[in-house]
Amino acid sequence: MDMWMALLFLQALLLPSLADGATPALRFVAVGDWGGVPNAPFHTAREMANAKEIARTVQILGADFILSLGDNFYFTGVQDVNDKRFQETFEDVFSDRSLRNVPWYVLAGNHDHLGNVSAQIAYSKISKRWNFPSPFYRLRFKIPRTNVSVAIFMLDTVTLCGNSDDFLSQQPERPRDVKLARTQLSWLKKQLAAAREDYVLVAGHYPVWSIAEHGPTHCLVKQLRPLLATYRVTAYLCGHDHNLQYLQDENGVGYVLSGAGNFMDPSKRHQRKVPNGYLRFHYGAEDSLGGFAYVEISSKEMTVTYIEASGKSLFKTSLPRRARP
């Protein structure tokens, strides 16, 4: 036992130094649909397992931030900025020392919109980790010790497409505020047209493509997919379906679905709604504790590794740096 503890201690000492000497990169965790439950203890076994494995991954591999892909609080969001769910489902769960200074960049999911999204935005002023400046916004990063840049456009796909009732229709039917939806789409078009970064990512809650329970989001296939191709977006990241998927289209756009933070659903009911050859990876084992995506962007490529909450690496793929416009 003493020998085992000594080995673990030695590993802990060695791994950060190995990470420090690694290729300069921007590193982050992408996790969606992690938002616990509305009754005590306000989290699930899967959420706790994901929090523990995210903490371990961050400690060993490092992370500059965590990207939250929506459905942050099940089942009806939060009521106000003082809602106890912020503490019970977020702060108390992702509490490991290795996560204390890692910022979260947040967007809203359909369950968040059943509550008060403005309160989640306002919580940014209360928590030093929680960053949610507006319903849709741009992030920009430089890869350390290089001139290589990364842009991430955070969307509110619920205001873009409408809310979906998981128990009636799996599809959002129409936006509640058509003018606001048009404003967001216009903003995104202008931003993508002007983007000169070496990597351009777009993130939202609803998937463009998915073989699972909700399937492809018709509104995004129609409105967002052409923009991703036209402006040579590197990848689109999302949640909503409660599993892990990677898809890639004929334009080389990667689709990273990471919605396994709290529930797992093995459904493949929409497999025939996704074009042949797009799906490269799917994991929805019901007995699994869920998982997340770990992204590493270097000056040469962007790698995506899907990690199961037990610590197992499930699938790894890479996407090239964009050619300069």
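From the backbone N, Cα and C atoms, a Cβ is placed for every residue, glycine too.
TrEMBL: automatically predicted annotations, no manual curation.
The annotation Fe cation 1 binding site is assigned in TrEMBL to Asp33, Asp71, Tyr74, His242. When other Cβ atoms within 10 Å of the Cβ of Asp33 (Fe cation 1 binding site) are tallied across all protein chains shown, the result is 29.
Feature annotation from TrEMBL assigns Fe cation 2 binding site to Asp71, Asn110, His205, His240. Using a 10 Å radius centred on the Cβ of His205 (Fe cation 2 binding site) and all shown protein chains, the other Cβ atoms total 31.
Sequence-distant contacts of Cys161 (disulfide bond), defined by Cβ-Cβ distance under 8 angstroms and a gap of at least six in the same chain, are Pro172, Arg174, Pro175, Ala181, Tyr206, Thr217, Cys219, Leu220, Gln223. Positions annotated as disulfide bond by TrEMBL: Cys161-Cys219.
Confidence annotation: the domain 'Calcineurin-like phosphoesterase' (26-243) carries a mean pLDDT of 95 in the model. Taken from TrEMBL, the feature domain 'Calcineurin-like phosphoesterase' applies to 26-243.
Around the Cβ of Asn116 (N-linked glycosylation site), the number of neighbouring Cβ atoms within 10 Å comes to 18. Under the heading N-linked glycosylation site, TrEMBL lists Asn116.
Those same-chain residues not listed among Asp33, Asp71, Tyr74, His242 yet with C-beta within 8 angstroms of the centroid of the Fe cation 1 site C-beta atoms are Gly32, Trp34, Gly35, Gly109, His111, Gly239, His240, Gly259, Gly261, Asn262, Phe263.
In sequence order, Asp33, Asp71 are the binding-site residues from Asp33, Asp71, His242 with a C-alpha within 10 Å of the C-alpha of His205 (Fe cation 2 binding site). Neighbours of His242 (Fe cation 1 binding site), defined as other CB atoms within 10 A of its CB across all chains, total 24.
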